[in-house]
């Protein structure tokens, strides 16, 4: 269990002490997909969904979620994010929406969880806004795409 940084020698969960770590610029990108029927995607893209602008709402939800990650994930540190960006793209040929989030800060711990939370909550918001139209949408492939900064260095997911 000693390989898990959030577990102490007694096997108890603890927030990692990052006070001695150096501050570095850290950035993370994550993605998620929401698969849906062509008719549902057309409602979103055309802006004719009765609940309003689905992409704008999902974008704001993702940004808000990144800022509250420490409140949602028990052992995450509260972070002073300097950038949160959420982009949504309708891929009509595949009947899905791709969400990509970017989080950045100068700090002592990474922003991977914030980027993953932003993409996840944006996807959940799309589901919430469209569930009256389609209940069998699928959220998939939530993953970290890239992270930079910190002691562990650069990570880039395989394409």
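Note that Cβ sites are derived from N, Cα and C of the backbone, with glycine treated the same way.
Taken from Swiss-Prot as is:
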type	residues	note
ACT_SITE	128	active site
BINDING	75, 76, 77, 113, 114	substrate binding site
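Recorded features from Swiss-Prot, shown on the structure.
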residue: 75; record: substrate binding site; DSSP class: coil
residue: 113; record: substrate binding site; DSSP class: helix
residue: 128; record: active site; DSSP class: helix
Legend entry - Site extent for substrate, whole Å (max Cα pair distance, 75, 76, 77, 113, 114): 13
Legend entry - Distance from residue 128 (active site) back to residue 77 (substrate binding site), taken between C-alpha atoms, in Å: 28
Inset, instruction - Tell me the Cβ neighbour count for residue 114 (substrate binding site), meaning other Cβ atoms within 10 Å of its Cβ, over all protein chains shown. - result: 28
Legend entry - Packing count at residue 76 (substrate binding site) (other Cβ atoms within 10 Å of its Cβ): 20
Inset, instruction - Pop the Cα-Cα gap between the residue listed as 'active site' and residue 75 (substrate binding site) into the table, whole Å please. - result: 27
Legend entry - Extra residues within 8 Å (Cβ to Cβ centroid of 75, 76, 77, 113, 114), substrate: 69, 70, 73, 79, 109
Legend entry - For residue 128 (active site), the number of other Cβ atoms found within 10 Å of its own Cβ: 15
Legend entry - Residue pair residue 114 (substrate binding site), residue 128 (active site) - Cα distance, angstrom, rounded: 21
